Amino acid sequence: MSEAFVPLEWRGLPVLPERDPLAHKGDFGHAFVIGGGPGMGGALALACAAAYRVGAGLVTAMGHPSALPYLAAHLPEATWRDWPGSLEELPAAAVLAVGPGLGQGLAAHDLVREIGTRSGPQVWDADALNILARFGPDLLRGDAVRLFTPHPGEAARLLRTSTAAVQSDRATAIGRLRARYGGHWVLKGHHSLLLGSGGRWFCPQGNPGMATGGSGDVLTGLLTGLLAIGLEADAALSLGVCLHAHAGDLAAAQIGEASLLAGDILAAVPAALQELRKNHAGY
Ligand SMILES: NC(=O)C1=CN([C@@H]2O[C@H](COP(=O)(O)OP(=O)(O)OC[C@H]3O[C@@H](n4cnc5c(N)ncnc54)[C@H](OP(=O)(O)O)[C@@H]3O)[C@@H](O)[C@H]2O)[C@@H](O)CC1
Ligand SMILES: Nc1ncnc2c1ncn2[C@@H]1O[C@H](COP(=O)(O)OP(=O)(O)O)[C@@H](O)[C@H]1O
């Protein structure tokens, strides 16, 4: 790609909108996170909690029944729906995330195909990307805002190439992903690359301690929550990726990279948000 990717300035990012004193939870959106197949309820719980942590008014987890204990134990604030089931009852404009721990069974395929026809904002991650890779861009039918969050292995599947080829020229890979599937992209990893409708950026923050199970599920939830509170796609993408990386840096500074868990990144999100707000206020 000829055009350069520019560093995202943490201190220049938008802050979350101020809350009106008369606000109620309906003012902050309703996010639906679809995932949590057998053995992977934790991914769903992490993503739902992250959506709440950036201010979504209500978060509903939709997962395999075996995921329910994870939600009950870790996030009683989330409402719950079992899958399989149709998404027809959801409002057309509902903000959806699909993929964290979804698995790739038949029920997952049906859900992903249905989401491909919907028009509300969507975040695509993990197994939803693997299923998309299998079916190709024809699966994406509805005219929706879509944020895609592949790691290099998922990007390779989407492009039908190898992880090494993606990593050898990440800028070209993310350009090819958008050319093939449309939408807004983050190619995760060291210095994640972002390709939005209004720019090309890389995130200079983050650390290898974040290479730990569930870390990407936290990112998916942050992006979903930011869409739910009404941020437009580029703002949600840039703020979400930098917030995640900065929270990872705060957590690593406290407990070290080797010990870092995805839940530590999640726990550091409020401090990262407070820091961002103080920077804007000029403290
Ligand atoms: N607690 C839970 O419930 C959790 C549930 N989870 C759920 O598990 C499901 C499977 O997801 P997954 O990402 O673990 O498997 P998968 O897509 O095969 O990718 C692995 C391969 O991709 C590559 N690769 C990845 N990153 C790379 C990088 N930075 N840089 C370079 N390469 C990289 C690498 O390929 P290789 O280098 O070996 O060719 C690697 O072997 C999914 O639904 C997810 O949500 C997890 O979120 C964990 C917590
Ligand atoms: N070496 C690294 N430096 C900075 N960030 C990293 C590094 N490795 C992983 N990350 C970040 O951690 C997250 C890992 O996501 P992912 O691979 O999807 O994990 P999981 O599937 O376990 O949730 C991504 O946001 C990625 O950018």
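For all residues, glycine too, the Cβ spot is worked out from N, Cα and C.
The record from TrEMBL ties LYS188, GLY189, HIS190, HIS191, SER192 to AMP, and of the options GLY209, GLY213, GLY214, GLY216 it ties GLY216 to that site too. Together with GLY101, HIS151, ASP217, the (6S)-NADPHX site in TrEMBL holds one more listed residue from ALA31, ALA43, ALA45, which is ALA43.
Ranked by Cα separation from GLY101 ((6S)-NADPHX binding site), the binding-site residues GLY189, HIS190, HIS191, SER192, GLY216 are led by GLY216. Of all the binding-site residues in the record (ALA43, HIS151, ASP217), the one with the smallest CA separation from LYS188 (AMP binding site) is HIS151. Secondary structure from DSSP puts ALA43 ((6S)-NADPHX binding site) in a helix.
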